[in-house]
Amino acid sequence: MEGADYEVLSVREQLFHERVRECIISTLLFATLYILCHIALTRFKKPAEFTTVDEEDATVNKIALELCTFTLAVALGAVLLLPFSIISNEVLLSLPRNYYIQWLNGSLIHGLWNLVFLFSNLSLIFLMPFAYFFTESEGFAGSRKGVLARVYETVVMLMLLTLLVLGMVWVASAIVDNNKASRESLYDFWEYYLPYLYSCISFLGVLLLLVCTPLGLARMFSVTGKLLVKPRLLEDLEEQLHCSAFEEAALTRRICNPTSCWLPLDMELLHRQVLALQTQRVLLEKRRKASAWQRNLGYPLAMLCLLVLTGLSVLIVAIHILELLIDEAAMPRGMQGASLGQVSFSKLGSFGAVIQVVLIFYLMVSSVVGFYSSPLFRGLRPRWHDTAMTQIIGNCVCLLVLSSALPVFSRTLGLTRFDLLGDFGRFNWLGNFYIVFLYNAAFAGLTTLCLVKTFTAAVRAELIRAFGLDRLPLPVSGFPRVSKKTQHQ
């Protein structure tokens with residue numbers, strides 16, 4: 001009896017140490033992400049909002065900034081979640097009995113998925129609405145001014161918003177699934193309400209990725225072209241430097257002699273334009289000093305890599321569409337137990353897993369580029385040291401919606417065979433064949449359309465610019481041609 005009790009105690013002690021180790025690892029990972037996100041947000045925040053004379057507003061903005069940092073760390077964790085799981089599975093397959101990676105197991109990965117799901121719910125439903133109402137609140141009329149009065153008003157507004165959202169979710173669920181069991185399950189706040197609400201938010205995020213990712217894939221070529229130095233055939237830096245110098249000289253002369261123009265001048269706007277031209281000229285000087293290898297090899301290789309990654313993404317989605325028509329196992333599904341280290345989730349082994357990770361990161365970057373390039377969200381784009389607090393909150397919410405939908409997005413498109421863990425696999429719409437099939441077809445069609453349109457237009461514009469046809473005295477579109485009858489008159 002004593003030996004059995006000793007074995008039970010040893011097993012419990014081992015489980016306890018494993019849980020403590022997982023908590024420490026999760027805390028260290030999240031602390032690292034939190035520090036990185038805090039450094040990033042401090043680079044974009046507006047310093048005037050944190051050094052204001054009113055200490056109350058400064059304190060409120062600091063609290064809101066910490067909440068935004070937490071939310072952004074959760075978003076970054078959601079982006080790294082699926083790639084980390086895929087790489088962990090391949091590491092366990094390659095080194096199954098290595099002593100130094102015993103901490104990497106299915107229990108840790110499953111716990112990370114649950115934590116990301118929990119913190120995503122917490123940030124989207126409570127923390128970000130609280131941060132927004134907190135920055136906009138002033139306290140109830142007749143109450144004493146201070147941070148505590150703002151907290152009271154924010155809590156009341158958040159409770160009213162929670163009741164409104166929960167009522168809307170209850171009505172939506174009753175309309176979609178009108179039976180007694182579903183209505184009774186809605187009374188379970190933790191087990192049904194939050195997952196159902198997050199399922200709706202995730203579905204919106206997946207739809208947003210469907211729109212932004214094809215646009216971003218097309219925009220990646222132009223964005224990369226602006227960051228890299230193009231070959232001399234496609235870019236005339238000398239001409240751009242001369243134009244920039246002439247414009248700067250004209251603006252400087254206008255600033256020095258404001259009386260020479262009979263129109264009123266905005267001197268502040270002119271000074272900003274001069275600074276922008278000086279910055280542009282410095283960048284052009286750096287690009288002109290680039291080496292021949294960087295100029296003639298870097299740009300073509302970057303364009304080739306983008307083209308290969310984009311074509312590979314479309315090819316994988318097209319193959320997945322055919323698999324959906326043939327095999328039911330291609331449908332995305334959830335997995336309750338994380339059985340890692342048993343089989344590779346790619347037919348190409350470790351090489352295929354690396355390709356999957358690269359494609360997931362590439363599509364996430366493309367979706368962010370497409371999000372900020374779209375006309376609807378272009379005004380939300382953060383600016384260096386000039387981003388208001390409410391704009392930071394909006395950016396954190398949008399990035400969290402996009403990143404938390406990334407695992408579902410990647411599995412729905414068939415970019416990976418890694419099944420969704422935890423509550424990510426409980427979304428009802430993942431089992432609908434028509435939704436998954438139409439989503440894959442729409443992604444492939446939109447991506448191909450955007451690429452064909454953007455690539456042909458970019459090639460046409462570069463060829464016209466390279467051969468100097470843009471400087472020819474061609475008739476300007478928009479002005480009617482002079483008819484022969486008018487010329488004779």
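Cβ from N, Cα, C; glycine included.
What TrEMBL records for this protein:
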TRANSMEM  24-42  transmembrane segment
TRANSMEM  63-87  transmembrane segment
TRANSMEM  107-134  transmembrane segment
TRANSMEM  155-176  transmembrane segment
TRANSMEM  196-218  transmembrane segment
TRANSMEM  297-322  transmembrane segment
TRANSMEM  353-372  transmembrane segment
TRANSMEM  392-409  transmembrane segment
TRANSMEM  429-452  transmembrane segment
Output the single range from 63-87, 297-322, 353-372 maximising the number of Cβ pairs under 8 Å to the transmembrane segment (429-452).
297-322
Would you confirm whether the transmembrane segment (107-134) and the transmembrane segment (297-322) meet the contact rule of 3 or more C-beta pairs below 8 angstroms, pairs 6 or more apart in sequence?
no
Top stretch by Cβ pairs under 8 Å to the transmembrane segment (196-218) (candidates 24-42, 297-322, 353-372, 392-409) is 353-372
